[in-house]
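Input: a single structure, listed below in C-alpha coordinates.
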Amino acid sequence: MVQCRPPQEFSFGPRALKDALISCDLALKQLYTSAFSPSERLFLSEAYNPHRTLFSTLLIHSAFDWLLSRPEAPEDFETFHASLQLRKQSLARKHIYLQPIDLSEGLAGCPLLDHLRSCAEAFFLGLRVKCLPSVASASINCCSRPARDTDGLQLHTDGILSFLKNNKPGDALCVLGLTLADLYPHDAWTFTFGRFLPGHEVGVCSFARFSGEFLQAGSSIPDSALLEAAAGGPETLPQEGGQTLCYSALGMVQCCKVTCHELCHLLGLGSCRWLRCLLQGVLSLDEALRRPLDLCPICLRKLHHLLGFRLLERYKRLHTWTRVMLEMWSGQEAGEPSVSEDTLPFSADSGMGCESDTEPVTSPSEPVTPDAWSHTFPDGPEPVSEEGLSSLAASEVLLKLGGPVDALEEYRQWLDACIQALEREVAEEELVQVDAAVDALGRWEMFTGQLPVTKQYMPCVKDNVGLRRVLGDKFSSLRRRLSSRRLAKASSSQCHWGAEN
(Lines of atoms letter the chains of each structure in order from A and count residues from 1; the text may use other names and numbers.)
(Lines give C-alpha, C1' and ligand atoms only; values in the text may rest on other atoms or scores of the structure.)
Protein backbone atom coordinates (compact mmCIF):
# COMPACT_ATOMS: atom_id res chain seq x y z
CA MET A 1 0.00 0.00 0.00
CA VAL A 2 1.21 3.49 -0.82
CA GLN A 3 1.63 5.41 2.43
CA CYS A 4 1.78 9.20 2.72
CA ARG A 5 4.61 10.04 5.10
CA PRO A 6 3.87 12.35 6.71
CA PRO A 7 0.06 12.38 6.29
CA GLN A 8 -1.27 15.11 4.02
CA GLU A 9 -3.96 17.57 5.12
CA PHE A 10 -7.24 17.74 3.24
CA SER A 11 -9.43 20.82 3.65
CA PHE A 12 -12.03 22.84 1.76
CA GLY A 13 -10.84 26.07 3.36
CA PRO A 14 -12.31 28.30 6.10
CA ARG A 15 -14.89 30.00 3.88
CA ALA A 16 -16.36 26.72 2.65
CA LEU A 17 -16.39 25.28 6.17
CA LYS A 18 -18.25 28.32 7.45
CA ASP A 19 -20.88 28.02 4.73
CA ALA A 20 -21.21 24.30 5.47
CA LEU A 21 -21.91 25.02 9.14
CA ILE A 22 -24.02 28.19 9.02
CA SER A 23 -25.30 28.11 5.40
CA CYS A 24 -25.70 30.95 2.91
CA ASP A 25 -29.48 30.81 3.23
CA LEU A 26 -30.83 33.72 5.27
CA ALA A 27 -33.45 31.64 7.07
CA LEU A 28 -30.90 29.00 8.08
CA LYS A 29 -28.54 31.73 9.28
CA GLN A 30 -31.27 33.11 11.51
CA LEU A 31 -32.03 29.60 12.72
CA TYR A 32 -28.37 29.18 13.65
CA THR A 33 -28.31 32.43 15.63
CA SER A 34 -31.50 31.63 17.52
CA ALA A 35 -30.64 28.01 18.26
CA PHE A 36 -27.24 28.58 19.88
CA SER A 37 -25.93 30.89 22.58
CA PRO A 38 -22.83 33.05 21.93
CA SER A 39 -20.61 30.56 23.76
CA GLU A 40 -22.03 27.70 21.69
CA ARG A 41 -21.57 29.63 18.45
CA LEU A 42 -17.95 30.42 19.33
CA PHE A 43 -17.44 26.75 20.11
CA LEU A 44 -18.97 25.70 16.78
CA SER A 45 -16.89 28.31 14.95
CA GLU A 46 -13.95 25.97 15.53
CA ALA A 47 -15.19 24.34 12.33
CA TYR A 48 -13.90 27.24 10.23
CA ASN A 49 -11.50 29.04 12.56
CA PRO A 50 -7.98 28.66 11.05
CA HIS A 51 -6.61 28.68 14.61
CA ARG A 52 -8.85 25.88 15.85
CA THR A 53 -7.67 23.85 18.82
CA LEU A 54 -10.51 21.40 19.56
CA PHE A 55 -11.16 19.91 16.11
CA SER A 56 -8.72 18.65 13.51
CA THR A 57 -8.33 18.85 9.76
CA LEU A 58 -8.75 15.65 7.80
CA LEU A 59 -5.53 13.76 7.09
CA ILE A 60 -4.80 11.48 4.14
CA HIS A 61 -2.56 8.61 5.21
CA SER A 62 -2.49 6.56 2.02
CA ALA A 63 -3.58 6.59 -1.59
CA PHE A 64 -6.35 4.13 -0.70
CA ASP A 65 -8.02 6.21 2.01
CA TRP A 66 -11.80 6.48 1.90
CA LEU A 67 -11.63 10.19 1.20
CA LEU A 68 -9.78 9.61 -2.08
CA SER A 69 -11.40 6.33 -3.04
CA ARG A 70 -14.98 7.53 -2.62
CA PRO A 71 -15.09 11.11 -4.00
CA GLU A 72 -18.53 12.65 -3.47
CA ALA A 73 -20.00 16.04 -2.73
CA PRO A 74 -19.88 16.65 1.03
CA GLU A 75 -23.17 17.12 2.89
CA ASP A 76 -23.44 20.57 4.47
CA PHE A 77 -26.18 21.64 6.87
CA GLU A 78 -28.29 23.18 4.12
CA THR A 79 -28.31 19.92 2.15
CA PHE A 80 -29.11 17.97 5.30
CA HIS A 81 -31.95 20.33 6.20
CA ALA A 82 -33.47 19.98 2.73
CA SER A 83 -33.23 16.17 2.89
CA LEU A 84 -35.37 16.10 6.03
CA GLN A 85 -38.36 17.16 3.97
CA LEU A 86 -38.08 13.91 2.00
CA ARG A 87 -37.94 11.66 5.05
CA LYS A 88 -41.04 10.16 6.64
CA GLN A 89 -39.25 9.62 9.93
CA SER A 90 -41.08 11.03 12.96
CA LEU A 91 -38.90 12.32 15.77
CA ALA A 92 -41.94 12.15 18.05
CA ARG A 93 -40.76 8.59 18.60
CA LYS A 94 -38.04 8.85 21.21
CA HIS A 95 -36.80 5.27 21.37
CA ILE A 96 -33.76 3.71 19.77
CA TYR A 97 -33.89 -0.07 19.90
CA LEU A 98 -30.83 -2.30 19.93
CA GLN A 99 -31.55 -5.84 18.74
CA PRO A 100 -28.91 -8.33 19.95
CA ILE A 101 -28.35 -11.30 17.68
CA ASP A 102 -26.73 -14.37 19.28
CA LEU A 103 -25.81 -12.32 22.35
CA SER A 104 -26.85 -14.21 25.47
CA GLU A 105 -28.28 -12.62 28.58
CA GLY A 106 -25.32 -13.82 30.60
CA LEU A 107 -21.80 -12.45 30.78
CA ALA A 108 -21.32 -12.88 27.05
CA GLY A 109 -23.89 -10.26 26.12
CA CYS A 110 -25.23 -8.04 28.86
CA PRO A 111 -22.10 -6.03 29.75
CA LEU A 112 -21.45 -5.21 26.11
CA LEU A 113 -25.06 -4.16 25.57
CA ASP A 114 -25.05 -2.07 28.73
CA HIS A 115 -21.91 -0.25 27.59
CA LEU A 116 -23.39 0.45 24.18
CA ARG A 117 -26.73 1.56 25.62
CA SER A 118 -25.18 3.97 28.11
CA CYS A 119 -22.86 5.39 25.45
CA ALA A 120 -25.70 5.86 22.95
CA GLU A 121 -27.94 7.58 25.51
CA ALA A 122 -25.17 10.08 26.26
CA PHE A 123 -24.31 10.53 22.58
CA PHE A 124 -27.93 10.97 21.45
CA LEU A 125 -29.02 13.02 24.44
CA GLY A 126 -32.80 13.19 24.67
CA LEU A 127 -33.46 9.75 23.21
CA ARG A 128 -34.00 6.60 25.21
CA VAL A 129 -32.11 3.50 24.14
CA LYS A 130 -33.71 0.12 24.80
CA CYS A 131 -32.30 -3.37 24.32
CA LEU A 132 -34.63 -5.98 22.89
CA PRO A 133 -34.36 -9.65 23.91
CA SER A 134 -31.62 -11.46 22.05
CA VAL A 135 -32.63 -13.59 19.07
CA ALA A 136 -30.77 -16.54 17.62
CA SER A 137 -29.46 -16.19 14.10
CA ALA A 138 -30.86 -19.66 13.39
CA SER A 139 -34.37 -18.26 13.88
CA ILE A 140 -33.76 -15.55 11.28
CA ASN A 141 -34.25 -16.50 7.66
CA CYS A 142 -30.83 -15.42 6.42
CA CYS A 143 -28.18 -17.08 4.32
CA SER A 144 -24.68 -17.88 5.55
CA ARG A 145 -21.36 -18.93 4.09
CA PRO A 146 -17.87 -19.84 5.31
CA ALA A 147 -15.73 -16.77 5.87
CA ARG A 148 -13.01 -16.23 3.28
CA ASP A 149 -10.34 -14.78 5.53
CA THR A 150 -11.27 -16.07 8.99
CA ASP A 151 -12.68 -19.18 10.60
CA GLY A 152 -16.40 -19.58 11.10
CA LEU A 153 -19.53 -18.57 9.23
CA GLN A 154 -20.69 -15.23 7.91
CA LEU A 155 -24.32 -14.08 7.93
CA HIS A 156 -25.91 -12.33 4.95
CA THR A 157 -27.20 -8.89 5.89
CA ASP A 158 -30.36 -8.90 3.75
CA GLY A 159 -32.09 -11.59 5.79
CA ILE A 160 -31.31 -9.79 9.04
CA LEU A 161 -32.57 -6.47 7.69
CA SER A 162 -35.83 -8.07 6.55
CA PHE A 163 -36.28 -9.57 10.01
CA LEU A 164 -35.69 -6.21 11.70
CA LYS A 165 -38.10 -4.45 9.34
CA ASN A 166 -40.87 -6.98 9.97
CA ASN A 167 -40.38 -6.94 13.75
CA LYS A 168 -39.80 -3.21 14.29
CA PRO A 169 -41.58 -1.92 17.44
CA GLY A 170 -44.29 0.63 16.83
CA ASP A 171 -42.63 3.32 18.96
CA ALA A 172 -39.17 2.80 17.46
CA LEU A 173 -37.34 5.72 15.93
CA CYS A 174 -34.89 3.18 14.53
CA VAL A 175 -33.68 -0.36 15.20
CA LEU A 176 -30.06 -1.47 15.00
CA GLY A 177 -29.09 -5.12 15.08
CA LEU A 178 -25.89 -5.99 16.93
CA THR A 179 -23.95 -9.19 16.47
CA LEU A 180 -20.55 -10.69 17.13
CA ALA A 181 -20.94 -12.75 13.96
CA ASP A 182 -19.20 -11.67 10.79
CA LEU A 183 -21.43 -10.18 8.07
CA TYR A 184 -21.33 -10.02 4.29
CA PRO A 185 -23.70 -8.02 2.05
CA HIS A 186 -22.85 -9.53 -1.35
CA ASP A 187 -21.12 -12.63 -2.65
CA ALA A 188 -18.34 -10.55 -4.20
CA TRP A 189 -17.52 -8.83 -0.90
CA THR A 190 -15.35 -10.18 1.85
CA PHE A 191 -17.20 -8.67 4.81
CA THR A 192 -18.90 -5.54 6.09
CA PHE A 193 -19.07 -3.77 9.43
CA GLY A 194 -22.60 -2.50 8.86
CA ARG A 195 -25.52 -2.12 6.49
CA PHE A 196 -28.98 -0.58 6.61
CA LEU A 197 -32.30 -0.55 4.79
CA PRO A 198 -33.14 2.91 3.38
CA GLY A 199 -36.56 4.26 4.24
CA HIS A 200 -37.18 1.77 7.03
CA GLU A 201 -34.64 2.99 9.64
CA VAL A 202 -33.32 -0.48 10.39
CA GLY A 203 -29.70 -1.54 10.21
CA VAL A 204 -27.24 -4.12 11.45
CA CYS A 205 -23.60 -3.92 12.47
CA SER A 206 -20.99 -6.48 13.40
CA PHE A 207 -18.23 -6.41 16.00
CA ALA A 208 -16.55 -9.55 14.68
CA ARG A 209 -13.55 -7.65 13.33
CA PHE A 210 -12.93 -6.12 16.75
CA SER A 211 -11.79 -9.44 18.15
CA GLY A 212 -8.45 -11.19 18.21
CA GLU A 213 -5.97 -8.52 19.25
CA PHE A 214 -8.85 -6.44 20.62
CA LEU A 215 -9.50 -9.14 23.22
CA GLN A 216 -7.54 -9.73 26.37
CA ALA A 217 -7.46 -12.89 28.42
CA GLY A 218 -9.03 -12.59 31.82
CA SER A 219 -10.62 -14.74 34.50
CA SER A 220 -11.84 -12.12 36.94
CA ILE A 221 -14.92 -9.94 36.77
CA PRO A 222 -14.63 -6.18 37.47
CA ASP A 223 -15.88 -4.72 40.72
CA SER A 224 -19.67 -5.02 40.99
CA ALA A 225 -20.07 -1.40 42.11
CA LEU A 226 -18.38 -0.16 38.95
CA LEU A 227 -20.48 -2.53 36.88
CA GLU A 228 -23.61 -1.03 38.35
CA ALA A 229 -22.36 2.54 37.94
CA ALA A 230 -21.40 2.07 34.31
CA ALA A 231 -24.24 -0.27 33.42
CA GLY A 232 -21.98 -3.24 32.87
CA GLY A 233 -18.41 -4.51 32.81
CA PRO A 234 -16.05 -5.53 30.04
CA GLU A 235 -17.54 -7.80 27.45
CA THR A 236 -16.71 -11.44 28.06
CA LEU A 237 -16.83 -14.18 25.51
CA PRO A 238 -16.90 -17.78 26.75
CA GLN A 239 -14.37 -19.98 25.03
CA GLU A 240 -13.81 -23.70 24.90
CA GLY A 241 -12.17 -25.19 27.97
CA GLY A 242 -13.63 -22.60 30.33
CA GLN A 243 -11.29 -19.77 29.34
CA THR A 244 -12.80 -16.30 29.21
CA LEU A 245 -11.85 -13.53 26.82
CA CYS A 246 -12.67 -9.90 27.61
CA TYR A 247 -12.85 -6.93 25.28
CA SER A 248 -10.11 -4.45 25.93
CA ALA A 249 -11.11 -0.83 26.43
CA LEU A 250 -9.96 -0.11 22.88
CA GLY A 251 -12.15 -2.90 21.53
CA MET A 252 -15.13 -1.59 23.46
CA VAL A 253 -14.53 1.94 22.16
CA GLN A 254 -14.48 0.61 18.59
CA CYS A 255 -17.83 -1.12 19.19
CA CYS A 256 -19.23 2.17 20.50
CA LYS A 257 -17.91 3.98 17.42
CA VAL A 258 -19.58 1.55 15.05
CA THR A 259 -22.87 1.69 16.94
CA CYS A 260 -23.05 5.49 17.12
CA HIS A 261 -21.89 5.82 13.51
CA GLU A 262 -24.68 3.53 12.32
CA LEU A 263 -27.31 5.22 14.49
CA CYS A 264 -26.34 8.64 13.11
CA HIS A 265 -27.02 7.39 9.61
CA LEU A 266 -30.34 5.87 10.66
CA LEU A 267 -31.33 9.28 12.06
CA GLY A 268 -30.56 10.96 8.74
CA LEU A 269 -26.97 12.22 8.97
CA GLY A 270 -24.79 11.67 5.93
CA SER A 271 -21.10 10.92 5.77
CA CYS A 272 -18.69 13.67 6.76
CA ARG A 273 -15.89 15.00 4.56
CA TRP A 274 -15.31 18.29 6.34
CA LEU A 275 -13.18 17.58 9.43
CA ARG A 276 -12.09 14.58 11.48
CA CYS A 277 -15.40 13.13 12.57
CA LEU A 278 -17.12 9.94 13.67
CA LEU A 279 -19.15 10.06 10.45
CA GLN A 280 -16.13 9.65 8.20
CA GLY A 281 -16.15 6.54 6.08
CA VAL A 282 -13.39 3.98 6.42
CA LEU A 283 -11.83 1.54 3.99
CA SER A 284 -9.65 -0.30 6.47
CA LEU A 285 -9.28 -1.16 10.11
CA ASP A 286 -6.54 1.47 10.35
CA GLU A 287 -8.98 4.21 9.34
CA ALA A 288 -11.57 2.89 11.82
CA LEU A 289 -9.04 3.15 14.64
CA ARG A 290 -8.03 6.68 13.68
CA ARG A 291 -11.61 7.92 13.53
CA PRO A 292 -12.60 9.97 16.61
CA LEU A 293 -15.43 9.03 18.95
CA ASP A 294 -17.37 12.27 18.47
CA LEU A 295 -18.78 14.56 15.80
CA CYS A 296 -17.29 17.60 14.12
CA PRO A 297 -19.17 20.93 14.59
CA ILE A 298 -20.99 20.61 11.25
CA CYS A 299 -22.39 17.17 12.05
CA LEU A 300 -23.02 18.23 15.64
CA ARG A 301 -25.31 20.99 14.38
CA LYS A 302 -27.22 18.42 12.32
CA LEU A 303 -27.73 16.19 15.35
CA HIS A 304 -28.67 19.20 17.49
CA HIS A 305 -31.28 20.19 14.91
CA LEU A 306 -32.88 16.76 15.28
CA LEU A 307 -32.73 16.34 19.05
CA GLY A 308 -32.53 19.89 20.45
CA PHE A 309 -30.10 19.18 23.31
CA ARG A 310 -27.80 21.73 24.92
CA LEU A 311 -24.20 21.20 23.85
CA LEU A 312 -22.81 21.60 27.36
CA GLU A 313 -25.19 19.04 28.83
CA ARG A 314 -24.35 16.51 26.14
CA TYR A 315 -20.60 16.84 26.65
CA LYS A 316 -21.05 16.49 30.41
CA ARG A 317 -22.98 13.26 29.94
CA LEU A 318 -20.28 11.90 27.65
CA HIS A 319 -17.64 12.98 30.17
CA THR A 320 -19.41 11.03 32.93
CA TRP A 321 -19.62 7.94 30.74
CA THR A 322 -15.93 8.18 29.85
CA ARG A 323 -14.91 8.66 33.49
CA VAL A 324 -16.76 5.52 34.57
CA MET A 325 -15.20 3.54 31.72
CA LEU A 326 -11.75 4.71 32.79
CA GLU A 327 -12.38 3.64 36.38
CA MET A 328 -13.34 0.19 35.19
CA TRP A 329 -10.31 -0.40 32.99
CA SER A 330 -7.57 1.52 34.75
CA GLY A 331 -5.15 -0.94 36.27
CA GLN A 332 -6.29 -3.84 34.06
CA GLU A 333 -4.32 -2.59 31.07
CA ALA A 334 -1.80 -0.31 32.73
CA GLY A 335 1.15 -2.27 31.38
CA GLU A 336 0.17 -2.02 27.72
CA PRO A 337 1.87 0.44 25.37
CA SER A 338 -0.12 3.46 24.30
CA VAL A 339 -1.85 4.00 20.99
CA SER A 340 -1.93 7.45 19.48
CA GLU A 341 -2.72 9.01 16.12
CA ASP A 342 0.88 8.56 15.03
CA THR A 343 1.46 5.07 16.45
CA LEU A 344 -1.64 3.26 15.31
CA PRO A 345 -1.37 -0.45 14.67
CA PHE A 346 -0.97 -1.47 11.06
CA SER A 347 -3.29 -4.04 9.60
CA ALA A 348 -2.78 -6.20 6.56
CA ASP A 349 -5.97 -4.85 5.01
CA SER A 350 -4.95 -1.24 5.41
CA GLY A 351 -6.28 0.78 2.54
CA MET A 352 -7.69 -2.26 0.84
CA GLY A 353 -10.98 -2.64 2.62
CA CYS A 354 -14.02 -0.54 2.16
CA GLU A 355 -16.44 1.20 4.36
CA SER A 356 -19.44 2.26 2.52
CA ASP A 357 -20.07 5.81 2.02
CA THR A 358 -21.79 6.60 -1.19
CA GLU A 359 -25.13 7.87 -0.13
CA PRO A 360 -28.29 7.44 -2.16
CA VAL A 361 -30.34 10.57 -2.75
CA THR A 362 -33.10 9.45 -0.43
CA SER A 363 -30.82 8.24 2.30
CA PRO A 364 -27.78 9.63 4.02
CA SER A 365 -26.09 6.32 4.35
CA GLU A 366 -23.48 4.78 2.22
CA PRO A 367 -23.31 1.70 0.07
CA VAL A 368 -20.69 -0.86 0.73
CA THR A 369 -17.84 -1.35 -1.66
CA PRO A 370 -16.91 -4.62 -3.30
CA ASP A 371 -13.90 -6.76 -2.61
CA ALA A 372 -10.95 -4.47 -2.97
CA TRP A 373 -8.56 -7.29 -3.70
CA SER A 374 -10.29 -8.07 -6.98
CA HIS A 375 -11.63 -4.55 -7.57
CA THR A 376 -14.85 -5.98 -8.99
CA PHE A 377 -18.02 -3.98 -8.58
CA PRO A 378 -21.61 -5.16 -8.77
CA ASP A 379 -23.78 -3.84 -11.56
CA GLY A 380 -25.88 -0.90 -10.48
CA PRO A 381 -26.35 0.66 -7.07
CA GLU A 382 -27.24 -1.49 -4.11
CA PRO A 383 -30.86 -0.83 -3.10
CA VAL A 384 -30.21 -1.51 0.57
CA SER A 385 -26.82 -0.02 1.03
CA GLU A 386 -26.25 1.07 4.51
CA GLU A 387 -23.72 3.17 6.04
CA GLY A 388 -20.80 2.10 6.42
CA LEU A 389 -18.06 0.62 8.04
CA SER A 390 -17.67 -1.89 5.42
CA SER A 391 -14.29 -3.37 5.07
CA LEU A 392 -14.15 -5.75 2.24
CA ALA A 393 -10.63 -6.89 1.76
CA ALA A 394 -9.69 -7.17 5.34
CA SER A 395 -7.46 -9.99 6.41
CA GLU A 396 -6.07 -10.81 9.81
CA VAL A 397 -5.10 -7.91 11.97
CA LEU A 398 -1.34 -8.18 12.35
CA LEU A 399 -1.03 -5.47 14.93
CA LYS A 400 -0.27 -5.15 18.53
CA LEU A 401 -2.96 -3.00 20.08
CA GLY A 402 -2.07 -1.21 23.27
CA GLY A 403 -2.90 1.75 25.42
CA PRO A 404 -6.72 1.64 25.20
CA VAL A 405 -6.95 3.35 28.59
CA ASP A 406 -4.74 6.12 27.21
CA ALA A 407 -7.14 6.51 24.28
CA LEU A 408 -10.06 6.90 26.68
CA GLU A 409 -8.06 9.30 28.82
CA GLU A 410 -7.28 11.42 25.77
CA TYR A 411 -10.99 11.53 24.93
CA ARG A 412 -11.80 12.55 28.51
CA GLN A 413 -9.28 15.41 28.33
CA TRP A 414 -10.79 16.55 25.04
CA LEU A 415 -14.25 16.55 26.64
CA ASP A 416 -12.83 18.62 29.51
CA ALA A 417 -11.61 21.23 27.01
CA CYS A 418 -15.01 21.29 25.26
CA ILE A 419 -16.82 21.78 28.56
CA GLN A 420 -14.50 24.62 29.57
CA ALA A 421 -15.02 26.34 26.21
CA LEU A 422 -18.81 26.09 26.52
CA GLU A 423 -18.84 27.35 30.11
CA ARG A 424 -16.91 30.50 29.24
CA GLU A 425 -18.76 33.80 28.91
CA VAL A 426 -18.50 35.04 25.33
CA ALA A 427 -19.33 38.48 23.96
CA GLU A 428 -20.79 39.00 20.50
CA GLU A 429 -17.75 41.10 19.58
CA GLU A 430 -15.53 38.03 19.86
CA LEU A 431 -17.73 36.17 17.39
CA VAL A 432 -17.73 39.14 15.02
CA GLN A 433 -13.92 39.21 15.03
CA VAL A 434 -13.66 35.53 14.13
CA ASP A 435 -16.25 35.81 11.36
CA ALA A 436 -14.70 38.97 9.94
CA ALA A 437 -11.25 37.37 9.80
CA VAL A 438 -12.64 34.36 7.93
CA ASP A 439 -14.78 36.45 5.57
CA ALA A 440 -11.68 38.43 4.60
CA LEU A 441 -10.03 35.26 3.33
CA GLY A 442 -10.40 34.26 -0.30
CA ARG A 443 -12.31 31.18 -1.29
CA TRP A 444 -10.25 28.15 -2.17
CA GLU A 445 -10.59 26.87 -5.72
CA MET A 446 -12.42 23.57 -5.82
CA PHE A 447 -13.43 21.16 -8.56
CA THR A 448 -16.85 22.14 -9.87
CA GLY A 449 -17.58 19.05 -11.92
CA GLN A 450 -16.70 20.76 -15.23
CA LEU A 451 -13.64 19.96 -17.26
CA PRO A 452 -11.20 22.80 -17.84
CA VAL A 453 -11.58 24.84 -21.02
CA THR A 454 -9.28 23.79 -23.84
CA LYS A 455 -6.28 26.05 -23.92
CA GLN A 456 -6.26 28.44 -26.86
CA TYR A 457 -2.84 28.90 -28.40
CA MET A 458 -2.21 32.42 -29.65
CA PRO A 459 -0.47 32.77 -33.04
CA CYS A 460 3.16 33.68 -32.87
CA VAL A 461 3.81 37.36 -33.57
CA LYS A 462 7.08 36.74 -35.33
CA ASP A 463 6.82 34.36 -38.28
CA ASN A 464 10.16 32.92 -39.38
CA VAL A 465 9.80 32.76 -43.19
CA GLY A 466 13.08 30.93 -43.69
CA LEU A 467 12.24 28.16 -41.24
CA ARG A 468 8.78 27.77 -42.76
CA ARG A 469 10.31 27.43 -46.26
CA VAL A 470 12.80 24.78 -45.11
CA LEU A 471 10.11 22.75 -43.36
CA GLY A 472 7.81 23.07 -46.38
CA ASP A 473 10.50 21.79 -48.73
CA LYS A 474 11.22 18.91 -46.39
CA PHE A 475 7.57 17.82 -46.18
CA SER A 476 7.20 18.17 -49.98
CA SER A 477 10.19 15.89 -50.49
CA LEU A 478 8.70 13.31 -48.13
CA ARG A 479 5.36 13.41 -49.96
CA ARG A 480 7.09 12.84 -53.33
CA ARG A 481 9.01 9.85 -51.99
CA LEU A 482 5.87 8.28 -50.53
CA SER A 483 3.96 8.84 -53.78
CA SER A 484 6.70 7.24 -55.88
CA ARG A 485 6.79 4.22 -53.58
CA ARG A 486 3.03 3.77 -53.86
CA LEU A 487 3.22 3.94 -57.69
CA ALA A 488 6.07 1.43 -57.80
CA LYS A 489 4.20 -0.95 -55.51
CA ALA A 490 1.01 -0.64 -57.55
CA SER A 491 2.79 -1.39 -60.87
CA SER A 492 4.58 -4.36 -59.32
CA SER A 493 1.28 -5.79 -58.15
CA GLN A 494 -0.20 -5.45 -61.66
CA CYS A 495 2.78 -7.31 -63.18
CA HIS A 496 2.35 -10.21 -60.75
CA TRP A 497 -1.36 -10.33 -61.44
CA GLY A 498 -0.77 -10.45 -65.24
CA ALA A 499 1.82 -13.23 -64.91
CA GLU A 500 -0.60 -15.37 -62.90
CA ASN A 501 -3.33 -14.88 -65.49
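The backbone N, Cα and C atoms fix where each Cβ goes, and this holds for glycine too.
As recorded in Swiss-Prot, the features of this protein are as follows:
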type	residues	note
BINDING	H261, H265	Zn(2+) 1 binding site
ACT_SITE	E262	active site, proton acceptor
BINDING	C272, C277, C296, C299	Zn(2+) 2 binding site
REGION	349-370	region 'Disordered'
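In this structure, the CA atom of the residue listed as 'active site, proton acceptor' is 13 Å away from the CA atom of C272 (Zn(2+) 2 binding site). Other residues of the same chain near the Zn(2+) 2 site, with their Cβ within 8 Å of the Cβ centroid of C272, C277, C296, C299, are W274, L275, R276, L278, L279, Q280, L295, P297, I298, L300. A coil conformation is recorded for C296 (Zn(2+) 2 binding site) in the three-state DSSP classification, outside any helix or strand.
Each residue contributes its Cα atom, and for H265 (Zn(2+) 1 binding site) and C299 (Zn(2+) 2 binding site) these two points are 11 Å apart.
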